[in-house]
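Trainee: Pasting in a structure now, in structure tokens, and then I'll have a few things to ask.
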Amino acid sequence: MTTPSELLPLVAIVGPTAVGKSSLAIELAKRLDGEIISGDSMQVYRGMDIGTAKVSQEERQGIPHHLIDIIDPDQPYSVADFQKKVTELIPRIVASRRIPILVGGTGLYVRSIIAHYDFAEEAKDEQLRARLEREAIEVGLEAFHERLREIDEVAASRIHVNDRKRIIRALEVYYLTGKRQSDFHYAATVHQPKYQLSYIGLTMDRASLYHRIDLRAQNMIESGLVDEVQGLLEKGYSSDLPSMQGLGYRQIISYLNGDYDLSQALYLLQRDTRRYAKRQLTWFRRESSLQWFAVDNLDQDSLIQESERTVRKALREFIERR
């Protein structure tokens, strides 16, 4: 059994979008000599800055940020890819006597680290995949997506009807193994924890959070989100890519396609982001080890002080030893 002194220190800051995770992480990193690891499934993509609310270089204040801008929008990226990169990053950060701070709202990504999931290896067959590609062209993606729904309703609910690559991948896994792709994703083996964890959750009154979300969406439009999406399309990135179906991008793509006007696109972005925040809160409230801080009950200085005290207590042995 691993003893506390053998566990690697890790701070994780989670919560719904727009609650202030990034700003708190930067302040803690300054005070604790830390480096930040993004736990956001969308911020990995280069050229997708406004819609993913990436912190700017100026806002980072010289604090190293990892797993931001590491792949192009048409490159595949999964929770298993994320886990591999993070489990390589954390020991390197700790070896430099700094504290890794994982920040994110993508619940499964964060969970894959703190619970140390061991994702099952999925089978691959290029010939089968090529055959499925041909069938998808012949019968159409809607029919193919319905075929997947009959086999694996969970996977189908996660995969957009126009996401050809992921539909085919899920069917490929099923035909090769006889198991649903969702069984691989969610029946991962959970190992003994590897980290001495300080696990912080940020929350706030729902009305206040939704107001923040609405303002952020408005600011995205005013900051050039339409131009960002248009530029990605002009570079040849398909609107059907998983990255381009993310929040902020699919709404603007529909606007650019003439499906509705910009005010309707903004309304849908605000509505869909509020719904996403609700799902995030539902996910993280299942985490029994989280220490919650109500952002609207604390001024910024008090929030920083209280969370720093929490981290120092949890990671005292490492902080005193380094």
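Quick reminder: no glycine exception, Cβ is built from N, Cα and C everywhere.
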Trainee: Looking at 40-43, 164-167, 176-179, I want to know which stretch TrEMBL calls region 'Interaction with substrate tRNA'.
Mentor: 40-43
Trainee: Neighbourhood of the ATP site (Gly15, Pro16, Thr17, Ala18, Val19, Gly20, Lys21, Ser22): other residues with Cβ within 8 Å of the Cβ centroid, in order?
Mentor: Gly105, Leu202
Trainee: Near the substrate site, what residues other than Thr17, Ala18, Val19, Gly20, Lys21, Ser22 in the same chain have a C-beta no further than 8 Å from the centroid of the listed C-beta atoms?
Mentor: Gly15, Pro16, Ser23, Gly105, Leu202
Trainee: Around the C-beta of Lys21 (ATP binding site), how many further C-beta atoms are within 10 angstroms, looking at every protein chain?
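Mentor: So the Cβ neighbour count for Lys21 (ATP binding site) comes to 22.
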Trainee: Take every residue in the region 'Interaction with substrate tRNA' (40-43), average their pLDDT values, and give the whole-number result.
Mentor: 95
